[in-house]
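Remarks on the structure that follows.
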Amino acid sequence: MESSCLRLHRFPRRPLLPTPSTTAPNHLRPHSHPLTLKHHAFPATITPSGHLPSLRLRRPPLSPISPKSSDMDDGGIPTDSDLAPTPPSQRTFSAWDMASLWVGLVVGVPSYYLAGSLVDLGMAWWQGVATVVLANFIVLVPLVLTAVPGTKYGIPFPVLARSAFGVRGAHVPTLLRALVGCGWYGIETWIGGEAVFLLLPPSLKASSSAPSQVPWLGTSALEFSCFMAFWLAQMGIVWRGMDGIRELEKYSAPILIVLTSSLLCWAYVKAGGFGRMLSLSSSRLSSAEFWSIFFPSLTANISFWATLAVNIPDFTRYARSQKDQILGQAGLPLFMGIFTFVGLAVTSSTEAIFGRVISDPIHLLGRIGGFSTTLVAILGISLATITTNIAANVVAPANALVNLSPTMLTFRRGALLTALLGIAFQPWRLLSSSESFVYTWLLGYSALMGPIGGIILADYYLVKGTNLEVSALYSKNPRGPYYYCKGFNIAAMVALSAGILPIIPGFLHKVGILSHTSEAFVIAYNNAWFVSFFLSGILYWLLCQLGSRRDARHTETLIPTSE
């Protein structure tokens with residue numbers, strides 16, 4: 001018996017070609033020679049016997065997002081774009097380079113602030129360190145998993161996001177990530193500006209006009225000028241692109257390690273040993289109070305690196321191998337644990353040394369010694385701030401903006417726009433208090449980063465099976481596998497919304513817009529990253545499974561099989 005059927009590889013919903021017969025109209029009757037029909041650009045041949053043989057439908061060439069034929073390789077992949085796959089010759093990041101990146105990211109004022117805030121909330125020093133280390137072990141898992149496709153295919157985060165969200169829908173997660181990055185860029189730059197302010201002559205800072213605030217600005221003109229000076233200094237490094245960033249991180253890591261160790265040794269000597277330093281930080285919480293603080297604190301610490309856990313392919317696309325990126329990132333919990341301990345120990349020691357707790361490392365460094373000591377210390381703070389800020393808060397927003405308009409924006413232009421938006425965030429207001437920094441800023445944006453990470457991981461590992469068509473990721477062809485519905489994957493958009501919506505009432509309650517809300521929404525907000533990550537990831541996978549089954553049933557009804 002002879003079997004005759006259509007073998008549809010990607011488009012199962014296309015109507016079948018009519019089978020010719022002797023009773024069919026003249027224009028469908030078999031001819032004495034093969035007749036080639038074209039149906040939606042797919043050629044089919046009807047033989048003189050009137051049978052429709054097995055056909056392989058060939059997808060037409062995929063048109064690129066940036067239609068410059070001279071800038072494409074043989075596979076239709078752009079070669080001149082900042083978002084193009086990294087060629088093997090540029091994949092030079094070793095495990096040490098990746099580890100240096102994380103040292104530069106970890107050693108910074110925000111990490112120091114985060115550690116001290118846990119003690120301010122009533123935790124003992126060891127409880128604070130344990131919370132930070134546990135949070136970083138948890139975030140390390142999605143961090144490494146998301147890094148894998150970046151290393152495997154050499155693609156950045158905006159391109160990877162097209163697989164799950166669609167070639168146009170990818171703008172949604174990348175711009176959300178860019179928005180958070182711009183806010184962080186402003187915060188870090190303001191911290192660096194404070195270091196510049198501390199170096200100014202005391203006579204200038206004490207002048208009658210210097211301390212006065214500009215009402216519409218919310219800060220003094222002198223402090224804002226220092227902020228802008230640091231802003232310009234960073235742009236000089238950013239303008240060199242990824243090569244400049246890598247060199248900065250690589251050579252800064254040893255300097256930052258030495259400076260951090262020196263600060264700890266100074267506190268040890270001045271306070272008279274660790275016993276006196278750490279005894280000043282004992283738990284002030286009952287068991288019930290501890291657990292009520294622990295979970296939102298854990299979520300806040302996860303949120304601290306949830307941004308990098310989303311766009312880590314922007315860096316691992318330059319890694320030499322999966323082994324290099326995994327080994328380089330495996331030290332994150334250790335680095336954060338050590339620096340958290342240093343921050344807590346030094347902060348606690350200030351009460352014994354100065355008679356009061358000084359939680360701000362910039363103000364502390366300003367009181368340690370003479371001008372030369374202060375100069376070295378503040379330069380160290382500036383270096384730590386720049387290494388964290390450029391790597392964590394410039395690369396992702398810049399790439400997101402390039403993805404928005406590849407023909408108009410380059411990495412440099414995207415970085416410049418990111419820096420300008422960082423000013424618009426008015427970071428001096430975001431840092432008005434420790435509580436607003438941890439429980440409003442960190443917890444609030446985790447509701448955006450959690451669902452994006454959950455959807456991307458579910459798509460790559462569960463739906464796509466770790467296999468991507470790289471050329472199709474750069475295509476705007478409506479028949480491409482990542483075009484979905486007008487460039488948007490509805491399943492991803494629904495899952496993203498479902499992960500964010502349950503967090504909104506708790507956020508509005510936290511900032512004072514809602515006076516009362518359900519306890520369930522408060523709990524959801526305190527665990528925003530966990531709730532949004534798993535809710536969006538699982539829902540996306542279920543929607544994809546339902547869609548696959550529906551397509552399979554539709555295909556069975558359209559494709560007859562005769563024997």
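Using N, Cα and C of the backbone, Cβ positions are placed for all residues, glycine too.
What you see is a predicted model, and the numbers here were worked out from it, not measured in a lab.
Residues annotated as region 'Disordered' in TrEMBL: 10-34, 48-88. TrEMBL lists 99-119, 125-148, 178-200, 220-239, 251-269, 289-310, 331-354, 374-402, 414-431, 437-462, 483-508, 520-543 with the feature transmembrane segment.
By the Cβ criterion (under 8 Å, sequence separation of 6 or more), the transmembrane segment (374-402) is not in contact with the transmembrane segment (520-543), since fewer than 3 such pairs are found.
Among the listed stretches 178-200, 251-269, 331-354, 437-462, the one sharing the most Cβ pairs under 8 Å with the transmembrane segment (125-148) is 331-354.
Beyond the ends of the transmembrane segment (289-310), by six or more residues, the same chain brings 105, 110-111, 114, 118, 121-123, 127, 131-132, 134-136, 138-139, 142-143, 146, 157, 173, 177, 180-181, 184, 283, 332, 392, 396, 438-439, 442-443, 445-446, 449-450, 452-453, 456, 526-530 to within a C-beta distance below 8 angstroms of the stretch. Per-stretch counts of Cβ pairs under 8 Å to the transmembrane segment (520-543) identify 437-462 as the leading one among 178-200, 220-239, 331-354, 414-431, 437-462. Residues of the same chain lying 6 or more positions beyond the ends of the transmembrane segment (99-119) and with a Cβ under 8 Å from any Cβ of it are 125, 127-129, 131-132, 187-188, 191, 246, 248-250, 252-253, 256-257, 260, 281, 297, 300-301, 304, 308, 315, 327-329, 331-332, 335-336, 339-340, 343-344, 347-348, 359, 361-362, 381, 384-385, 387-388, 391-392, 434, 437-438. Sequence-distant contacts of the transmembrane segment (437-462), counting only residues of its own chain at least 6 positions beyond either end whose CB sits under 8 Å from a CB of the stretch, comprise 113-114, 117, 142, 145-146, 148-149, 160-161, 163-165, 173, 176-177, 179-180, 183, 296-297, 299-300, 302-304, 306-307, 309-310, 430-431, 468, 492, 495-496, 498-500, 503-504, 507, 510-511, 525-526, 528-538, 540-541, 544. Outside the transmembrane segment (178-200) by six or more residues, the chain places 108-110, 222-224, 226-231, 233-234, 307, 362-363, 365-366, 374-375, 378, 381-382, 385-386, 388-389, 392-394, 396-397, 400-401, 418-419, 421-428, 430-431, 441, 445, 448-449 with a CB less than 8 A from a CB of the stretch.
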